[in-house]
């Protein structure tokens, strides 16, 4: 892609998210979300592969549907209450529709079905943008409307954690596994949103760090399926021995970074007398943990078959910069000791 066009598209991505962050009016927020969608579509379809074009079309249709729902709900809210302000959502009907529209935007279950399909059709770099940056603007809006209907948030959160764990169990494609991982993590964030918005933000940040690290590892290894992970020993032995730690951090095992948000969320849910919800969420984390363990096993404990198909493909040394990978890997593994500082910042 022409570097000037790429720069314009990335600028459009940044500007769309910034406009949504800065807006207090629903039309302006909608405009930012639309800019965001339109800026990433050429990036998704840049390889002209039928799979990429199909993924781009699916993405465009779901995002357009969500944006139309959002616009409809905000107009309904203005009609019912005379308010266009994002933080003045008083009527339950538009609030519920907007919550569902934003859930569709970020891919929460039960409106998640587009996310694994779309992510599977993209290359790892654009997949990373879709899994991280594209979640920011809708999340900012969800945090601002602070939905009053707590039942819908808990249902969305629990179904997302369960489907995110269940869906990834029989997958062999890494991008689909990461998509289900994303759905499960978003479920955890939505569960605790109404009780502690700052904890939701902390979870979002740790999810970004861990996902960034995982995508970069797969990109360095040029890996898209579980089987290609088995050949990564020959290319980057040290990184291959660290990758299981990143994956288990995504799964939320102590003493890794990913344990911190899960621990704090379960604690918060228990404080709110939602012991059953916390139990279901914790058990659904075991489902996710299974497929992270499966990836770790494929990477470190199996040898690739010694036949013609399994021989390590010829590779030149990667041109990818390793500094972001080094920083994000260190953060994905080692940040748990900062948990007391995080809790101090979270308590108002």
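Every residue gets a Cβ built from N, Cα and C, even glycine.
All TrEMBL annotations are machine predictions without curation.
When TrEMBL is compared with the stretches 39-59, 60-80, the one noted as transmembrane segment is 60-80. Looking at the stretches 117-137, 201-221, the one that TrEMBL records under the feature transmembrane segment is 201-221.
Within the same chain, residues 96, 99-100, 103, 108-110, 112, 116, 176-177, 180-194, 274, 277, 280-281, 284-288, 290-291 sit at least 6 positions outside the transmembrane segment (151-170) and bring their C-beta atoms closer than 8 Å to a C-beta of that stretch. The list of residues near the transmembrane segment (274-293) in space but at least 6 beyond its ends in sequence, with Cβ under 8 angstroms from a Cβ of it, reads 154, 157-158, 161-162, 164-166, 168-169, 171, 177, 180-181, 184, 187-188, 191, 247-248, 250-253, 262, 265-266.
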